[in-house]
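Engineer: I am attaching a structure below and will ask some questions about it afterwards.
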């Protein structure tokens, strides 16, 4: 029978990646001084599965490599060998190595075994060393030697004599002498004589025990190994003798041969096709199926109504349409949910990152993760990974002090970095919290003044000083280190996040630590939008960026000659952007006071947008303008409204840029109550 | 043909075993660990159990002990699929009540040849 094992390869690869992730995170959790047997078992089991699978599916290099890893793990599991932080490092390296091997099989690339061999040699060195503990005791692992080792491999020309007296409990292990005899019978004529001499008196018989013994004669020209095989599982607990007989007899059938195992050769062309897939919880698929079911029912109801429509059935039609719109909405939500994955997919890479970086920098760090089950869209998740890595690196490099520094400061030697995610008002919030040194305001201010970003006379609030680290060109020579100074500054982090319609801000207390807070929309495919009208044009503002709307603002208006009009909003001045003049379209409002101002926040500043009217709020499906037309400044995309017209979605950061509202201008007036009039 | 319960925490291994058995005409139920297998076995009588040894929640040896304690599984063949080919491990399996073992890695032909030994 031939079964193509390659059909199981993809599952094996995915399973192995998961297993490697499990190994990695468990290894990172391992405290070498306090070995937790559950954790070791978990690591062992993952390695064990990978070894078993790779052997079965023909990836012998992976199987060989994993074998040494597993052997050492087994010794640690059996407490015959201690685990040290160096062993943990070696295990981590081996995880990387196995991952690389599997990836190469996955894409069908030839494997370069140099690294693997080097790591394997390290394992072998450890394994060949004398055991540090319990050196006198023998290992639990013994070489594979079965007691019924084949002595005589040449077939007996005239068959075999067998005496078989099984252990009384043979039936209780699911073994059955009858089955063994049948197997022997398939090899050639079999003569069976039963020996009932051990049978007790009927009153003493345990019906589940076996008291019988047998003398058998197999007239088959087969090697002894074939007979051994029939008794393989019971031989060590039975009286068994197999001797050749010399009797004249007929030719017998050839022994059954097992085909040797050949690993399946992978077709490299086919395997190069990269598949991006997501795993979806079955409940989500169920929801979807239910929803489609509902939709079909509604559709058939409407269809029937349409066959024979009179005005009398109008209410029914309206009801049907209402139901249809509800179905559609629910279906859309369900489909969206399919793309939602828990943020643990992104968080999972951090334990390793923090471990490696902490080691490289000589810092002791504990990473805490919370809210890993918080879900967000796969595309958002893919794009937030790099900014998050940068922020975590930053916390490690600039935030957390060295163990010595921390001890002098009276802090615990080990610093803590917390990654926290939660939902808040239709957004996902991700925080990177550290208990390190916090931002050094004096130093930041000094740098900013050197760079001419702030003038000597400016008075900045703490938040404004902290915000300076996100400014382009702020990263300075003595801030750059091997870890975080890789040409990517905080300004790039902020820009990437803003491109996702999100925001990032920092709070920090000197000496106590920093909190970076990222807010992101849950998905990039749809947007909760506020429809606004200017003249005959309808635009959409992302609801998430709206702070408030103001109708009557007569006393709050400050006209600035040659500059931007300002709105005095409580204790700050907010620049006003006029869409009508920006986009050169007629507006209904002749006078400023006739219209409305929508205060929005983008690019970390507030602006007020002057419009004619606010219309409905609705969820809109975002269509890319860039893909279908070209990039338009101040517009992030387009959508089609219910009446079929195309409406542009405004991009606040782009509008600010387009309107030429300068940030330093804003800063100078911020909280400057006596400015302008 | 026979109704077989395949137990393995590795999905690829389980799929391979299950597919092979189905192609050979058997009826297969699958479980990802000993606990699941035990529940399944209680719900439906199977003719043969093929179980991995190392599994989370409930390992293969515990599963064998639990099954053997049930009257309906007293004599049912239970084969262990294991990478641990040491005699110690095999003896441990036998003590728990396992019928026999199949050492990983194995190919579909070996699997079928082995189960032929225990199915009438």
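Placement of Cβ uses the backbone N, Cα and C atoms for every residue, glycine included.
Copying in the features that TrEMBL gives for the protein in this structure:
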- A:1-105: domain 'HPt' (DOMAIN)
- A:312-524: domain 'Histidine kinase' (DOMAIN)
- A:526-661: domain 'CheW-like' (DOMAIN)
- A:48: phosphohistidine (MOD_RES)
Engineer: Around residue A:48 (phosphohistidine), which residues of its chain at least 6 apart sit with Cβ under 8 Å of its Cβ?
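Structural biologist: Once residues fewer than 6 apart are set aside, residue A:48 (phosphohistidine) is near A:70.
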Engineer: Roughly where does the domain 'HPt' (A:1-105) sit in mean pLDDT, to the nearest integer?
Structural biologist: 84
Engineer: Please work out the helix, strand and coil residue numbers for the domain 'HPt' (A:1-105) from the DSSP assignment.
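Structural biologist: Output for the domain 'HPt' (A:1-105) reads 84 helix, 2 strand, 19 coil.
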Engineer: DSSP-wise, what's the residue breakdown of the domain 'CheW-like' (A:526-661) into helix, strand and coil?
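Structural biologist: The composition, in the requested order, is 26 helix, 68 strand, 42 coil.
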